[in-house]
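Enquirer: Sharing the features that TrEMBL gives for it:
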BINDING   Gly48, Val51, Asn55, Asn309, Leu435  Na(+) binding site
COMPBIAS  1-14  compositional bias 'Basic and acidic residues'
REGION    1-33  region 'Disordered'
TRANSMEM  72-93  transmembrane segment
TRANSMEM  114-141  transmembrane segment
TRANSMEM  194-215  transmembrane segment
TRANSMEM  227-250  transmembrane segment
TRANSMEM  270-291  transmembrane segment
TRANSMEM  303-324  transmembrane segment
TRANSMEM  423-444  transmembrane segment
TRANSMEM  465-483  transmembrane segment
TRANSMEM  495-518  transmembrane segment
TRANSMEM  539-562  transmembrane segment
TRANSMEM  582-610  transmembrane segment
Amino acid sequence: MEKEPLPTDDDKTEVNGYTGEESQQASSEPPARAGWNSKIEYFLAQVGFSVGLGNVWRFPYLCHQNGGGAFLLLYVMLMLVVGIPLFFLELAAGQAIRQGSIGVWRYISPRLAGIGYSSCVVCFFVALYYNVILAWSLFYLGNSFQHPLPWNQCPEQGNLTVKECEKSSPTSYFWYRKALNITDSIDDTGSFNPYIVCCLLAAWTIVCLGMFKGIKTSVKVMYFSSIFPYVVLICFLVRGLMLDGALEGISFMFYPKLEIWADLQVWRQAATQVFFALGLGFGSIIAYSSYNPKNNNCHRDAFTVSAINFLTSVLATLVVFAVLGFRAKGKVMECVVRNMNELSEQFHSGHVDENLMPNFNYSIPSSVHVQRYRAWFKEHGNNVPGNLTDCDLEQEMQKGVEGTGLAFIAFTEAMSLLPGSPFWSALFFLMLLNLGLSTMFGTMEGILAPLTDRFKTLANNKTKLTIFSCIIGFLIGLLFTQRCGNYFVMMFDDYSATLPLIIVVVFETFSVSWLYGADRFLDDIEAMLGWRPSVVYKYLWKYVCLLSMLGLLGATTIRMFIKRPTYMAWNQAMASEEHLPYPGWALAVLALLIIIAMMPVPVALVHAVLKETTKKISRDTENGEYSMVSTDDKCDTPVTEMTEVEQRSRTFASFS
């Protein structure tokens, strides 16, 4: 059966190539929606969605842990051969069909509609925990308007310093005890944290107000939320480069370790970061591009947005390691001074031979160079009695530089050392809030746009749907405001989106390149843009991207089965973090989340097959009620002239 044609520019009245309203389509099509007012708005939306918290606290950690400059080269290579082609695929599909994720895959084939529904489910899971991070940022932002900062020093009970804080650090204590009031394990749920509940309500309220009238209101907020983080990052970079230890931090960051390429784990992490950095599989890319005019150069957009995303990650990495280098240098100098003082005491008490003493001037410990101390310690440190330690700058930089540990522990500690620390703290958490908001708008659009495209009732009540979605998100999000809520955030972040999103992109790539046909898809893009993209995309989609995604899926799955999933817990008695295995019930929840996210794919497939079978049986039954009548009368039926609408339908009916 021939499908309906692709929407054409004739179906839409445009002003200046971007703004306009689509005419009412056939009954099977969703109501039309307005487009972007300008290309700038579209770029702000796409960049705002793809550039998020992961660029600030995930990419720098991966780059540092996996070979520095060598990881950058690997990341760029995977971005070019996997990330950009898949990004281009989603942009082209959304722009050609002008539907959300459900409508796009349903238009290609009703059997593929489940891919879009799975994208919506994953977006919902991500929105649930992502907004909790915004709530944490709001909490820290509110506490930043104090001098000194509340995490600058340990609190006292009576005349004694709180032991938990004394054993760890003021920033760790404030994060785990004041902000989260965390339990020792995920099994101990604890009560709700009233401060975080209020902040979560505020975060969902901001998101709801930003999405109230769809992209027309969210894009107004994005003018600030997408641009402001770059202003802050540049300010931090300029200030960071002026700090002692900044250059050491950056040099450690970019020092290439090419031998790391032999580790498959590094390839898996680089591919995963490319995958999530661009926001593939969420449906948000498709939703945003569906508001574009048909002749928009989505090929150029794919390269531009990807380049901005990568450069933002590099900029954030420079900022992070300039500031962390300053923090680490301070810690290491404290270590050197402490060791030199102890060495002097040991020497004056006659416990250390004079031949073991360093040949540099140690009478002023604060003037001792770290490298000279380490060279001495490596040669004589083990022969000196006492508790002397090696003061390693790189080891110090590795402490707490991943995920929430970077933003709420390591970075806050570094900022507390800066002059005017409340100002820099407020600026940093306002930046995190804006990064999270622009990503949240894209995530919510990945939920709302497909549903309103698919169901007319929801399209006619989009404002109510937006409010209802935010209310449901807040109520379910209360799970993460319990004292054990941070452990659930880690569980959702590590597992609820990873496997389902990879599977979604595998289905997308396979559907376009094999079921629909890569050549036909390139034909459609040629008809849309007026020129044909390189044939290289055909082979990238059919083989390189698909095999890479399958390899990533297999590696992630095997790793989960070989190594029992763990989470980082806070031990109050020891005042330190420890890895704990997820209990059985938590693993069951993980499995259930993955199953729920992927269930729409087989359900939609079975539903479409049954529907087709039912129609076929109905047609056969109807035909059986009539008998063929033979006649000798010859009736010549003239060929009916094809109407203009039919001609256009035949011409543009590509997705059949």
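Every residue gets a Cβ built from N, Cα and C, even glycine.
Keep in mind that TrEMBL annotations are predicted by a computer and have not been checked by a curator.
How buried are these features, and what lies next to them?
Expert: Neighbour list (Asn55 (Na(+) binding site), Cβ cut-off 8 Å, at least 6 residues apart, same chain): Ala277, Asn309, Thr312, Ser313, Ala316, Leu435.
Under 8 Å from some Cβ of the transmembrane segment (72-93) lie the Cβ atoms of residues 63, 104, 254, 256, 261, 266-267, 270-271, 273-275, 277-278, 280, 285-286, 289, 298-299, 301-303, 305-306, 310, 314, 505, 508-509, 512, 521, 524-525, 528, 533, 537, 540-541, 544-545, 548-549, all in the same chain and six or more residues away from its ends.
The list of residues near the transmembrane segment (114-141) in space but at least 6 beyond its ends in sequence, with Cβ under 8 angstroms from a Cβ of it, reads 53, 100-106, 179, 195-196, 199-200, 202-204, 206-207, 281-284, 404, 407-408, 412, 425-426, 429-430, 432-433, 436-437, 439-440, 443-444, 446-447, 450-451, 454, 473, 476-477, 479-481, 485, 488-489, 492-493, 496-497, 500-501, 503-504, 507-508, 511, 593, 596-605.
If one looks beyond the transmembrane segment (423-444) by at least 6 residues along the same chain, the residues whose Cβ comes under 8 Å of a Cβ in the stretch are 45, 48-53, 55-56, 123, 126-127, 130-131, 133-134, 137-138, 140-141, 144-145, 149, 206-207, 210-211, 218, 221-222, 224-226, 228-229, 232-233, 235-236, 239, 279, 282, 284, 288, 407, 411-412, 415-416, 466, 469.
Cβ atoms under 8 Å from those of the transmembrane segment (465-483) belong to residues 124, 127-129, 131-132, 135, 180-183, 188-193, 196-197, 200-201, 204-205, 207-208, 211-212, 214, 444, 447-448, 451-452, 458, 489 of the same chain, restricted to positions at least 6 beyond its ends.
Outside the transmembrane segment (495-518), and at least 6 residues removed from its termini, the chain residues within Cβ reach (under 8 Å) are 86, 89-90, 93, 105, 108-109, 112, 115, 118-119, 121-122, 125-126, 129, 272, 275-276, 280-282, 537-538, 541-542, 545-546, 549-550, 552-553, 556-557, 560, 565, 590, 593-594, 597-598, 601, 655.
Non-local neighbours of the transmembrane segment (582-610) in the same chain are 109-115, 117-118, 121-122, 125, 186-187, 491-492, 495-497, 499-500, 503, 507, 564-567; each lies 6+ residues outside the stretch with a CB under 8 Å from one of its CB atoms.
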Enquirer: With an 8 Å cut-off on Cβ pairs and a sequence gap of 6 or more, do the transmembrane segment (303-324) and the transmembrane segment (227-250) reach 3 or more such pairs?
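Expert: In contact, yes.
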Enquirer: Which residues of the same chain, at least 6 past either end of the transmembrane segment (227-250), have a Cβ under 8 Å from a Cβ in it?
Expert: 44, 51, 312, 315-316, 318-319, 321-330, 393, 397, 418, 424, 427-428, 430-431, 434-435
Enquirer: Which sequence positions outside the transmembrane segment (270-291), separated from its termini by at least 6 residues, show Cβ-Cβ distances below 8 Å to it?
Expert: 33-36, 42, 45-46, 49-50, 54-55, 58-59, 62, 66, 71, 74-75, 78-79, 82-83, 86-87, 90-95, 97-102, 104, 116, 119-120, 122-123, 126, 215, 298, 301, 305-306, 309-310, 313, 439, 442-443, 445-447, 449-450, 498, 501-502, 504-505, 508, 548, 552, 556
Enquirer: Below 8 Å Cβ to Cβ and six or more residues apart, same chain only. Which residues does that give for Val51 (Na(+) binding site)?
Expert: Ser226, Pro229, Ile308, Asn309, Thr312, Leu435, Ser438, Thr439
Enquirer: Return the residues near Gly48 (Na(+) binding site) by Cβ distance under 8 Å, restricted to its own chain and a separation of at least 6 in sequence.
Expert: Met222, Ser225, Ser226, Ser438, Thr439, Phe441, Gly442
Enquirer: For the recorded Na(+) site, whose residues are Gly48, Val51, Asn55, Asn309, Leu435, find every other residue on that chain with a C-beta no more than 8 angstroms from the centre of their C-beta atoms, and list them by sequence position.
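Expert: In sequence order, the nearby non-listed residues are Val47, Phe49, Ser50, Gly52, Ser226, Pro229, Thr312, Ser438, Thr439.
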Enquirer: What is the Cβ neighbour count of Leu435 (Na(+) binding site) at a 10 Å cut-off, with all protein chains included?
Expert: 29
